Amino acid sequence: MLRFTNCSCKTFVKSSYKLNIRRMNSSFRTETDAFGEIHVPADKYWGAQTQRSFQNFKIGGARERMPLPLVHAFGVLKKSAAIVNESLGGLDPKISKAIQQAADEVASGKLDDHFPLVVFQTGSGTQSNMNANEVISNRAIEILGGKIGSKQVHPNNHCNQSQSSNDTFPTVMHIAASLQIQNELIPELTNLKNALEAKSKEFDHIVKIGRTHLQDATPLTLGQEFSGYVQQVENGIQRVAHSLKTLSFLAQGGTAVGTGLNTKPGFDVKIAEQISKETGLKFQTAPNKFEALAAHDAIVECSGALNTLACSLFKIAQDIRYLGSGPRCGYHELMLPENEPGSSIMPGKVNPTQNEALTQVCVQVMGNNAAITFAGSQGQFELNVFKPVMIANLLNSIRLITDAAYSFRVHCVEGIKANEPRIHELLTKSLMLVTALNPKIGYDAASKVAKNAHKKGITLKESALELGVLTEKEFDEWVVPEHMLGPK
């Protein structure tokens, strides 16, 4: 039994309570909103609404926090809004400058630790919009020498002026996705394409057997095979780049339902121009704000482009993986870089790990696309309320493909070597070289040559001579793999 000595239980509890209150007062401050007072960590810039969301939506923990590119996009948006509101006479220049400075810090990532909210919150993203408003508000107050929480710079009246969560969140969705695609994804895909193109040129002289249906087919060069991969990546780049066009249309200025209530005429055009200036990308106001709030077809389209790209990258990684299979009992036409041990039980085994990592990324992107597609269909009346999960999955896809493209290029593609002896061995064994005889002896006779060779385990030449369909000289003149690489 717990016993208290030299003091009563009541006195002990009372003194402990006072101690805890003193500790709480030193590490927390009190913020207020329409629901009343709430304690907020003293070292954080966020306010009451962020704190309530933080307490009410403990789903997934830190790993499900709102993506930082979106947070940084909020900084761009809030700075742009302050500039435009000031220019239209709606915001005091002194307050505007403080908001701009604070928003710059958000955009640069300096205040990342002050954005704790997770993706799984209200479907409009209201709480993350208020997180940005509150952080910028309190940081601006601090810049002006005021007391944090005093609302000298108000999160709603000033930081959210001429705005609604319903138009700010879709706007930062587009800004974040566009910046990540333009500055991260496309450059890395271009690097991968260039690496594959270099291999295509390096391997252009190597004639190998083609395969269709996983069966032997007619010859091509290894360079031609790789040229197909180059084109797939180039097509993927073009598809993703095309999605930037629809992402360039911004919902900002639509406010609550698309009517533009509480904005001044021209606000929507001016803020798109200012965001363009801040980011270096071309943005424009959406021609129809009702569509921009209620539907996110541009996000679905962009995800679709990424999904197609994932299909392409899966095929490329899988082909290279198969062509590198072996080393003694597989195709082994390619020799892949050996980066790390491959087995905990089989000594000396090395696996195509980069290919496997890339294909797993592709599967994840396909899954993300499924989530985005369903969420994109869920715009009821004037608002889609699946915004956070849509942008979280889209940014995840962009990040994964960007990183995987780099890893696959550096640790696999650039180090691929052709196993020319093995390639030549398989080429000369192929029965499908018989296709060169079609124009000379006809399809039926050529088919008999191939089947006879396969049945008896002899070469095509031996089979053709045995069947008497041509002479040795004719065979040597007509069946030349190097002459079977294009129209003739």
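Positions of Cβ are set from backbone N, Cα and C atoms, glycine also.
Record check of THR246, THR373, THR428, THR435 in Swiss-Prot: the feature phosphothreonine is attached to THR428. Using a 10 Å radius centred on the Cβ of THR212 (substrate binding site) and all shown protein chains, the other Cβ atoms total 9. Spacing of LYS349 (substrate binding site) relative to HIS213 (active site, proton donor/acceptor) is 29 Å (Cα to Cα, whole number).
The binding-site residues considered are SER124, SER165, ASN351; of these, ASN351 has the fewest other C-beta atoms within 10 angstroms of its C-beta. According to its DSSP assignment, THR212 (substrate binding site) is in a strand. Taking each Cβ in turn and tallying the other Cβ atoms within 10 Å, the top scorer among the recorded positions THR126, ASN157, SER343, THR428 is THR126. Counting other CB atoms no more than 10 Å from each candidate's CB, the recorded positions HIS213, LYS349 peak at LYS349. On a Cα basis, SER343 (active site) lies 56 Å away from PRO155 (substrate binding site). Neighbour list (GLU356 (site 'Important for catalytic activity'), Cβ cut-off 8 Å, at least 6 residues apart, same chain): ALA317, ARG321.
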